[in-house]
Amino acid sequence: MGKAMLRAGFADTNSSNMNESFARLHFAGGYLPSDSKDWRTIIPSLLMAVCLVGLVGNLCVIGILLHGVWKRKPSTIHSLILNLSLADFSLLLFSAPVRAAAYSKGVWDLGWFICKSSDWFTHVCMAAKSLTFVVVAKACFAYASDPAKQESIHSRTIWSVLAGIWVVASLLPLPEWLFSTTRRHAGVEMCLVDVPAVAEEFMSMFGKLYPLLVFCLPLLLAGVYFWRAYDQCKTRCTKTRNLRDQMRSKQLTVMLLSTAIISALLWLPEWIAWLWVWHVKAGGPMPPQGFIALSQVLMFFTSTANPLIFLVMSEEFKAGLKGLWKWMITRKPAVTSEVQEAPAGNTEALPGKAPSPETQTCILDTDGRGSPDDSKEKSGKVVAPILPDVEQFWHERDAVPSAQDNDPIPWEHEGQETEGCN
């Protein structure tokens, strides 16, 4: 998540001078020097397991939402959920592997660009998620108040809101991009935050305001809007006849509220560690390395928990997953045998096509001219023939209309026809 620690020292007690020099360093990019081989194995393994499960879950959610966009006009809430899933997918695809690689090595060998952009990119995705929670909570409240109103929002408005979220999220952690760099210290290549003296006051203010702007205020506003939306759903469900939309609104509100609460709880240890290392006093205790490492694992686990919540709590996502699976199966290439003609001697039509009455008659005539053995074999499949006199009767009736058909008062002649027959 940002800095692994602000003032950290190696566990090696044999070199006190080295510890004193390391205590003044600001590590960045997930780089956390440690002499423990267990931590270098456990933390990367946990990160990769979380990464694999989360990538599969987010791919399912993204596929369901994109399949829905392809079939119909995207809704505001679905577009915002898609934005959440894209942020989670980006975190797991780009940031988690970098953290795993940084933890597994005692030196930084991932290059200058990754060192400079790692913390910035991680915070961009987290800020985008926090801002998206605020917007989706506001959309849930609007949908609970008037479900029909949400359908009238133009697609350009939705994409403009999403673009604005990512622009703001990119600007908030920009100081981390400016001051993160690689340095060689005590013969070891490290990823550090090198703050010049003229910018120390600015970075001190940044350390106080950034968690407030990215974590506290957005989730507080989102919680208020979610609670109002939930209360609105309970009120309107007792007064409206359109219970289907209200039940859907309540389900979406509960699902997204659960996602916001889980995200806040899993982010909390990381922000505690972040504030601890930024505001520790000179000579004060530093957070344990294990706490810092596990807090970052929990932060990435948030991106795995979100798609699981969507797929478990939403009936709409369950149905969408089934529909997406059926769509993927039915899009297989057509079998070439379906377009080929039926072979000779097997004239019982292609699969799925019923033969016409004329075809049935032709088959019957052909069978009649065949050998007796063939007739015996096909006796169970022969259709009853049309009698010649019946066929001639209907043919003459269709070809030559009778006078009775043109008689405007046929009931006057019914008695005469009966007498003539007698």
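For all residues, glycine too, the Cβ spot is worked out from N, Cα and C.
Since the structure is predicted, the reported quantities are computational estimates derived from the model, not experimental observations.
Judged by membrane topology as recorded in Swiss-Prot, G29 shares a side of the membrane with G283.
Among the candidates N14, N83, the residue that Swiss-Prot annotates as N-linked glycosylation site is N14. Looking up C115 in Swiss-Prot gives a disulphide bond whose other cysteine, out of C191, C216, C233, is C191. The most densely surrounded of the disulfide-bonded residues C115, C191, judged by C-beta neighbours within 10 angstroms, is C191. Ranked by Cβ pairs under 8 Å to the transmembrane segment (206-226), the stretches 46-66, 77-97, 124-144, 158-178, 291-311 are led by 124-144.
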